[in-house]
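Visitor: The structure under discussion is supplied below as structure tokens; questions concerning it will follow.
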Amino acid sequence: MLTALNRYWDYLRIERQMSPHTITNYQHQLDATIKILAQQDIHSWTQVTPSVVRFILAESKKQGLKEKSLALRLSALRRFLSFLVQQGELKVNPATGISAPKQGWHLPKNMDGEQIQQLLANDSKEPIDIRDRAILELMYSSGLRLSELQGLDLNSINTRVREVRVIGKGNKERVVPFGRYASHAIQEWLKVRALFNPKDEALFVSQLGNRISHRAIQKRLETWGIRQGLNSHLNPHKLRHSFATHMLEASSDLRAVQELLGHSNLSTTQIYTHLNFQHLAEVYDQAHPRAKRKK
């Protein structure tokens, strides 16, 4: 089983050119799947039937996986089994036609303008704070994914024209603009970056000089949010969602927001129209004479 998996990782990395982050996610899901199969004395992919796939989902749910994680596990397994079909090792994909449990619809959380101002109201001159502020300003200004920001190099950024070149999902490149506040924050960071003794061309580096990790960015954002007095947990997703929501509120141009976010499907971007509508509905309920609730 592991031999086939190793060939699959090579296929994803070399032929599909998937990001290391995406491959790691798939590895985690398929490693967990193999453990479940081993408990059932299944040691060959040819032994996997539709019933076995359903058992994997049931066992995963029993282990505490939520709907979104179950869908990810099924997707990872289905893609791998499709690869085995293409390679002629399986005749059919046993995961075809099997659906993960329905996911509940959750609106992404975002911050309002006042919270953004509160978040960024910090003019600390400590080099690590200058770096973190540049990360925050760029993530909010451009709506970058965590993996996109973490993968930026020095030559990815142009503060003169205020554009950043990012590699998104599926190894797709796009150019995204950023604002003057982000530009200033990045220029301030570049002045002190050498103090970290950088070992490569990564735009953002750790105190050891290496490219800053996904986990380190998450932890630094969480710490920054607490220090700035935010009532809710700060994470990269929240900054991206806030960017998308505020752009849509200001422009109503769904296609433009789709391009900026790097969404391949417009349906992915459309969730922000629901978020925007919810905000408008709340304003309506509070303001309209015929909508005000009785106290």
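In case you wondered, yes, glycine gets a Cβ from its N, Cα and C as well.
Residues or ranges marked as domain 'Core-binding (CB)' by Swiss-Prot: 1-85. For 106-285, the entry in Swiss-Prot reads domain 'Tyr recombinase', with the evidence type sequence analysis. The active site annotation in Swiss-Prot covers Arg145, Lys169, His237, Arg240, His263. The annotation active site, O-(3'-phospho-DNA)-tyrosine intermediate is assigned in Swiss-Prot to Tyr272 on the grounds of sequence analysis.
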Visitor: Please report how many Å separate the Cα atom of His263 (active site) from that of Arg240 (active site), as a whole number.
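Guide: Between the Cα atoms of His263 (active site) and Arg240 (active site), the distance comes to 12 Å.
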Visitor: Which of the three DSSP-derived classes (helix, strand, coil) applies to Arg145 (active site)?
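Guide: For Arg145 (active site) - judged by DSSP and reduced to three states - the answer is coil.
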Visitor: Count the residues of the domain 'Core-binding (CB)' (1-85) that DSSP assigns to helix (H, G, I), to strand (E, B) and to coil, and report the three numbers in that order.
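Guide: The domain 'Core-binding (CB)' (1-85) comes out at 69 helix, 0 strand, 16 coil.
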Visitor: What mean pLDDT score does the domain 'Core-binding (CB)' (1-85) have in the model?
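Guide: Residues in the domain 'Core-binding (CB)' (1-85) carry a mean pLDDT of 91 in this prediction.
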Visitor: From the Cα of Arg145 (active site) across to the Cα of His237 (active site), what is the distance in angstrom?
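Guide: Their Cα atoms are separated by 7 Å.
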Visitor: Any idea what the Cα distance is from Arg145 (active site) over to Arg240 (active site), rounded to a whole Å?
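Guide: If we compare the Cα positions of Arg145 (active site) and Arg240 (active site), the gap is 7 Å.
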Visitor: Compute the C-alpha separation of Arg240 (active site) from Lys169 (active site), stating it in Å without decimals.
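Guide: Cα-Cα distance, Arg240 (active site) to Lys169 (active site): 15 Å.
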Visitor: Could you list the residues of the same chain, at least six apart in sequence, whose Cβ is under 8 A from the Cβ of Lys169 (active site)?
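Guide: Long-range Cβ contacts: Ser19, Thr22, Arg145, Gly262, Ser264.
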